[in-house]
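J.: Let me give you the structure first, and then I'll get to my questions.
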Amino acid sequence: TCPPVCFLLSTAHILMKCCFCSPQVILVQVNPGEAFTIRREDGQFQCITGPAQVPMMSPNGSVPPIYVPPGYVSQIIEENGVRRVLVLPQQPEFHPGGHSPLHHPPPPPHPHLPAFIPHPAMMPPPPHLYTGMAGGVGDMSSQYISQYHPAHIYSEQGECYLFCCLFLPSVSADSHSQHGRPPFLHRDDRTSKTYERLQKKLKERQGGGGGGGGGGGGQVKDSPPPSPQKNCSSPPTVDIHNGVGGKGLEAEQGQLSHAVAGPDKQTGRGKNGESGELDEEALALQALLSTISKPVVSDIQARGAVVSWSAPTRPESENGNVEDECSPPEPFSYEVSISCSGKDGKYKSNYWVQAMCNCLQGSPSEAVSFTTLSCEPDPPNPPRKASGTKNTLVLQWKGKGTGIYEQCYYGPQKQYRVTKLSPASRYSFRLAAKNDMGVSEFSEVVDLFTSCSVPLPPFPPELEMAGVTWLCLKWQRPTSSPKEDDIYYILEMEEEGSGYGFQPSYDGDELSCTVKNLHRSTKYKFRVAAYNSEGKSNPSQVVEFITNPDRPSSPCRPVIRGRVLPNSFKMAWEPPKDNGGAEVTKYVVELSEGLSGLSWELVYSGPATEHVCEGLKPGCSYQTRVYCMSEGGQSPTPAVPPGPCQPPRLVGKPKAREVQLRWDGGSPVSCYSVEVSGPQSEESREVYQGPELDCSVGGLMPGKTYSFRLKAANKAGFGPLSERCEVTTGPGAPEQCKAPSTTCKSPSCVVVSWEAPPCNGAPVTEFRLEWGAAEGSMQVCYNGPALSHEVKGLLPATNYFCRAQAVNVAGVGPFSEAVLCQTPCSVPAAVSNIYTLKESELQRPPPFYSPSTCLGICWDPPCDHGSEITSYLIDLGERQPIVVGPVTKHIIQHLQPDTSYRIRIQALNSLGAGPFSHTFKLKTKPLPPQPPRLECTAFSHQTLRLKWGDGPAKAATSDALQYQLQMGDKSGRFISLYKGPCHTHKVQRLNESTSYTFRIQAFNEAGEGPFSNVYTFNTPRSPPAPVKAPKVERLDDNSCEVTWEALLPMKGDPIIYTLQCMMGNSEFKQAYKGSATSFHVQNLQPNSDYRFRVCAIRQCQDAPELSGPYSTTVTLSPQRNEVAVGGGAAGSGSRAGTESNRARRSLTDEQCAFLLLMVFAVIAILIAFVIQYFVIK
């Protein structure tokens, strides 16, 4: 069924389409930016946001009730079998239009489409109800063309309204033929043919979309509704005219009459000219529709305005006559659109009009703007209670807009404190809003209550009735509390001598209570307190009540005192052990003549505990009995000799194999005896003997009738048997079923049958069959009245267990014995998984194995279903299938590299071939890569940098293509130097002037490629080592001697030296070249600085010389004028000066480095000291 539908507006309008795709399905279209709320059957709400289409079910094909917010109304519109529901602002008043009637009388309302009435709980009823039409658009009078005024809803932001104003044109006969509606207007043949050709042409243009031929039911179920310009369905059936202007509609009706008569003047044409004629007619008609003029707005009110327009004008031909060929085949219809925006309660609206005719829509007219007037505010919501006390109420309400409100308070605030009120009293409030335009209507009346004060202590409770173990109390309501105040009471009780004090025994709003589970003849104290929402009162005064005493127990058995005389005897008795909480007031002695105990005579009544019975007959037997009386009542009557018992009676419902019997005992007896006789036997047997007054008789048969008799016994013996009591046992559960029989119908199907057991008084209603692979884990596979069941989906060659059970209304019978059933053998099952073997998993790969042309596969062996698997069939698709033995691994050879194969496997045994496995897609690896070209890009006497291939020097380890570089040793073997994805490698620790051989190999996931040709690269000779700084000794003013350390020969190659000298800032010049390690420099200029450096040169036998690096530069400073002691002293001084100068220069550099190091150390120590003592501590 369709649940009630609620609309939540995100903008000022919502458009919902209910498309009846079938008599039960309704499609609800939710536009973008809007929400659609559905209340489900469980009462919960579900919100669906647009754009969306919600399918709904309708039991009778009617539109479900749609609840809209206050201030809005809904209208049902039907066009081409599609019912549309427009949600529009509510109009404040109705303006009837002066429209002239159309050609035909109005049709009756649709019997299955009632007028839409919004839910009264969601919004007030709209001022007007609209009725959907039955048979299309036909002809309508003015009473079916309603004019709708938009209602302004004041808010902080502007709102948008959508108004659809469609005139009601006539419809062709085939427009509603599929919906079973008769047309209202019949066309002639010319009009019908023109209309059909136009529909066909437009359908071809739109590629079949949008429905043609006038049928309106061509929409897809889940597709959005077509727009008026894109859909070429027949004109709408019913719509609402929301404008307020009678002139415009009269012009439309006049144009309608002309449009209907126009097609009669057209002439027929041949089939060959139809295509060209359609283009001309469509263009002419569209041009005619686009000539509509700008609408005129008049009579502007606060919530309405009159919009009028003129019909499109026809263009005139060269002769000045109106062209008849462009006359529309259908009457005009108009669509009025409005856009509304406003702020602070003032709205500005824009109107424009579009003309439509027979699926064609003209261009919209020029928009006209106008501004509605201001008006009084809407009625506000009723006030609500914000807070309150017993004398005040704080009211709060929400207003619309910025109006002024008036109640008992007049002012701009939205809450007000009402004072000087009575406590616990009801007050009614209503609210109205006021602005500059006037005062709104009053809101709904709201009833509010003030709080109350703490109640006064109530009067003490009163005793209404007393019992042995209960007391019934009542109390009164405090007189000062008003009737509207909800008062509750707490009754507290204290037992005398308990020491627990007062404990609550009742808490509620009743004015009486019965306290139960009390002790007999005991004094209890009670008090009551009242409380409400404000607090609890003081307790009332304490009152005391006593429970009633219980009746005493029977006195002890009387005894004979003294000697029994012929006419009298003396008897005595002891008081009862339990007096019931009250003193015994008197004892009663009764005497009976004989042993029957049928009649008793009172012989004494008094407080004494002995009595002399006189006036007796000699030689007669007498029975006596004594009972006592107190305030609590009379003690039980003493025992009497057993007589005929009443028949036993059935207690409860008889069970299948057991009944519960009970009987009444008069006088105490020693025991009772119960006898039973079977349903078909007169012999009876004793089933119970004992002193109890009830017994359970078991061991009976279900659904059988048994007779029971009772007799009592005392010291004198058993009394006579009672009358018979017939009891029928209830039905019992069925007996155990016999073991079921099984018949194997196929390897996967077994038929199980069984027999019905004895039902034990109730017919068997169903049987239960349990089935399982293990005897302890069987599950129910069948419930029903049948005596057989077919179990399917079994595994071949598998043991199963089954057992049966019968059920009736009395219960479930026991299960039968479990039966073993073994299904027969069958073909093997399908192979479940196929895996690819890696090279490491191949123990003995075949010769010429290559992952590019071979695939190693393995699979999980399937279940053989009782027959051993003999072979497997491997299907490769287009290739010939491969048959292998009972193995689970196989290598498929002679395949194409880098090719995918679809492989499936089938198992075979002696019974046949099993099903194929799922198809697994496996791919062979591509061919291994070829080796790249190896090059030497850089070399030295100890290293060689090799490069191969095109790529970066460093590559990721995840690259598919990798390389292996090997170098040959002295014995001719190749040792691996590098293995990875890089394209360069530096070989270090080599010997000078030596030839080395290399080869390279590329590999990827397809495998290792071949090695390249052997490449030979030579290391060059190494240059000499650098010479230490030479020593310079000044000999005189014009000469000095330079010495340096000698180097050893390198592999037999001699070493020579080159000495270079530089004077001042000039360039170095060669001063000496030879094998000596010293040189005498002459012709030095005084007062000039000289710098010297030395390098070693290796003289190779079959190669050019190799120069080593130069030594450190040594400076010779000019000699200063000092007092000389002698020539030798002067020479020694010059040498010393030179050495000291050189030492001083070298020490200066060392000193700088040392000083820097010391400075950094001191700064670090200071920073550590500051952090330790000033920051951390």
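Heads up, the Cβ atoms here are built off N, Cα and C, so glycines get one too.
Annotations in TrEMBL come from automatic prediction, not curation.
The compositional bias 'Gly residues' annotation in TrEMBL covers 207-219. Taken from TrEMBL, the feature domain 'Fibronectin type-III' applies to 359-454, 457-550, 551-648, 649-732, 733-826, 838-927, 928-1022, 1023-1121. Feature annotation from TrEMBL assigns region 'Disordered' to 202-248, 258-277. The signal peptide annotation in TrEMBL covers 1-21. Taken from TrEMBL, the feature transmembrane segment covers 1153-1176.
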J.: Mean pLDDT over the domain 'Fibronectin type-III' (1023-1121): what is the value?
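T.: On average, pLDDT over the domain 'Fibronectin type-III' (1023-1121) sits at 89.
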J.: DSSP helix, strand and coil counts for the domain 'Fibronectin type-III' (733-826)?
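T.: Taking each residue of the domain 'Fibronectin type-III' (733-826) in turn, the totals are 0 helix, 44 strand, 50 coil.
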J.: As a quick check of your reading of DSSP, tell me how many residues in the domain 'Fibronectin type-III' (649-732) are helical, how many are strand and how many are coil.
T.: 0 helix, 42 strand, 42 coil
J.: Residue counts in helix (H, G, I), strand (E, B) and coil for the domain 'Fibronectin type-III' (457-550), per DSSP?
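T.: Going by DSSP assignments, the domain 'Fibronectin type-III' (457-550) contains 0 helix, 43 strand, 51 coil.
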J.: Summarise the domain 'Fibronectin type-III' (1023-1121) by DSSP state, stating how many residues are helix, strand and coil.
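T.: Across the domain 'Fibronectin type-III' (1023-1121), the residues distribute as 0 helix, 46 strand, 53 coil.
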